[in-house]
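Over in TrEMBL, the protein carries these features:
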- 45-161: domain 'Ig-like' (DOMAIN)
- 163-258: domain 'Link' (DOMAIN)
- Cys209-Cys230: disulfide bond (DISULFID)
- 264-353: domain 'Link' (DOMAIN)
- Cys308-Cys329: disulfide bond (DISULFID)
Amino acid sequence: LPLLLEVTLPRLGSSSHPFYNGFYYNNIMNDKGNGQEKDYFNGAKLVVETPRDPIYSSSGANVTLPCHYRYEPDLEAKRKIRIKWSKLRDDYTKEQDVLVAIGKTSVAFGDFRGRAQLLQAGTRQASLVVSDVRLQDDGKYRCEVIDGLEDESGVVELQLQGIVFPYQPPHGQYRLNFHEAERVCQDQGAILATFHQLFQAWSEGLDWCNAGWLADGTVQYPIRLPRKPCGGLHLAPGIRSYGPRHRHLHRFDAFCFSSALRGEVFYLERPEGMTLEEAKQSCQDAGAEIARVGHLYSAWKFLGLDRCDAGWLADGSVRYPIIKPRANCGPEEPGVRSFGFPSKGRFGVFCYKER
């Protein structure tokens, strides 16, 4: 091995930094004292440990992604360890850089600037602390520890507690290309759902026969009760998939994902009802904003909102949430009921106010 290092290292770039993999490796003089450098092996195996089970959190919270390292046999590190965190993408394209740290110096990148830092507690600690968790933070993260030529990593999965809901715009079914689907979910206080999130929703009872975009550019839909219009009676329950579709040309609905709220949803009414514009103004007068569809679904699931009165939402739809089904409040199953997008009519309104 020493002979191999002597032969190969001088051929690899500059003499001061022979390798670059997001970090520069330290070098020491070789044992012949001839001025040439070689990378240093400490003779111990580097081990990185991350939890097997997902870490659960919700929008707006702070979360710690555990990661620790050690040596076999045990020894004290003789130099500063490099730590790199990155987020794995669902479509297996290039990883997203989150944070790089050398010693006590660290740099966070992109949307993680000001929100990501290493946990400053204990030795051999590489855990990542993310504050003000956002919907798009859901996913898998790689914790990479580098000590010279030793480079080991582990993966931590962050799952946001949330809800998936299907969405059609006011102009009807199958009108959204992928980019429009992304925008309408964002407009409703949500993001496009991942396959994992849709699968979780299916396992909790979601059954929807209209195909919708997911975050990876595929089009799928969840079926609990097989039936002829939804893939046929011969297919088992599950997630039906159209596979990847053209993101500009093909048009479907959207499956959106929203997490727990940082505020509350409440209902306002008038005896004579309100138009959409009057509803928006009523929420503003109450120090709030008219609720979005994602707000209503989240309040229904996480706050137990149950109201058998139809109310305006920000997209011009009229809906109401039912926890305990009862007479004159729609079907026998819990859910968010929809009256569509009425061009006329007077209703109450659901408002949203952050804490």
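A Cβ is built for glycine as well, from the same backbone N, Cα and C atoms used for every other residue.
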By Cβ count within 10 Å, point out the most packed of the disulfide-bonded residues listed: Cys230, Cys329.
Cys230
Sequence gap of 6 or more, Cβ distance under 8 Å: name the residues on the same chain that satisfy this around Cys209 (disulfide bond), in order along the sequence.
Tyr221, Ile223, Arg227, Pro229, Cys230
Can you count helix, strand and coil residues in the domain 'Ig-like' (45-161) using DSSP?
6 helix, 61 strand, 50 coil
Please give me the CB contact count at 10 A for Cys308 (disulfide bond), counting all chains in the structure.
15
Overall pLDDT of the domain 'Link' (264-353), taken as the mean:
97
DSSP puts the residues of the domain 'Link' (163-258) at 22 helix, 30 strand, 44 coil
